[in-house]
Amino acid sequence: MKIILASASPRRRDLLVQAGLDFDVVPSAVDEKMEGDTPGQVVMSLAEQKAREVFERIHHEKATRKAGEDRVVLGADTIVVCDGKRLGKPENEADAFAMIQLLSGRSHEVYTGVCLYFFKDGQIYKEPFFECTKVTMYPISEAQARWYIESGEPMDKAGAYGIQGLGAVFIKGICGDYNNVVGLPLAKVWQKLDSLGLICGRAGSDRFMTGKADTDRQGAELE
């Protein structure tokens, strides 16, 4: 199978390369809608929207389904949650400054949702899941925030910081998956892909391959 990454994020591309995965990039063009009551539900919904849009664009005709058996589309989305507020990418520098000041000297959660879309035995399946990581920041002064914003790094990142870049100087501690904060829970993604037989060439679990879902979030066959 070939992995299709439905994201233009260079961080997610780098993580897949780090894991030695073979993939192509087809960025999603979906008009994202935030759906769900909890942050985990929201990021899974956004990831699913991205994966579905690319999947349907690639396989827009029934005649392409047979060829589509060798592809799995991976969609992902990340948000930061602090004091009940959901933070995506900043709209401008003022927005970035407000986000950084909100996170300053506090703990917050980073949620990344992932959804795999693929064909199996003539059926369309999806596998949504998410990961949450707790991050604690040092106090950030106004001058430090403006210095960071002037670097340009915060402007394309959820929560207006990049833990893998200059933003690392503000990180006091982390509890959970570091790569999840970067943009993709790499180990969990690898395990899910391996259950598809993409990594070690073995079949996945009966639950996964038959589309039987856990009640909260795991794979389901689409109508």
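Placed from the backbone N, Cα and C atoms, the Cβ positions cover glycine too.
The site 'Important for substrate specificity' annotation in TrEMBL covers Arg11 (among others). Under DSSP, Arg11 (site 'Important for substrate specificity') is assigned to a helix (H, G or I) in the three-state scheme.
Taken from TrEMBL, the feature active site, proton acceptor covers Asp77. Taking the Cβ of Asp77 (active site, proton acceptor) as centre and 10 Å as the limit, one finds 29 other Cβ atoms among all the protein chains shown.
Here TrEMBL flags Thr78 (among others) as site 'Important for substrate specificity'. Close to Thr78 (site 'Important for substrate specificity') in the fold, though at least 6 residues off in sequence, lie Val43, Val110, Tyr111, Thr112, Gly113, Ala158, Gly183, each with a CB less than 8 Å from its CB.
Residues or ranges marked as site 'Important for substrate specificity' by TrEMBL: Gln164 (among others). Its Cβ taken as reference, Gln164 (site 'Important for substrate specificity') is surrounded by 16 other Cβ atoms within 10 Å in the chains shown.
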Where Thr78 (site 'Important for substrate specificity') falls in three-state DSSP terms: strand
Pairwise CA distance, Asp77 (active site, proton acceptor) versus Gln164 (site 'Important for substrate specificity'), rounded so that it is a whole Å: 17
Residues that sit under 8 angstroms from Arg11 (site 'Important for substrate specificity') by C-beta distance, when 6+ apart in the chain: Gly162, Gln164, Val182, Gly183, Leu184
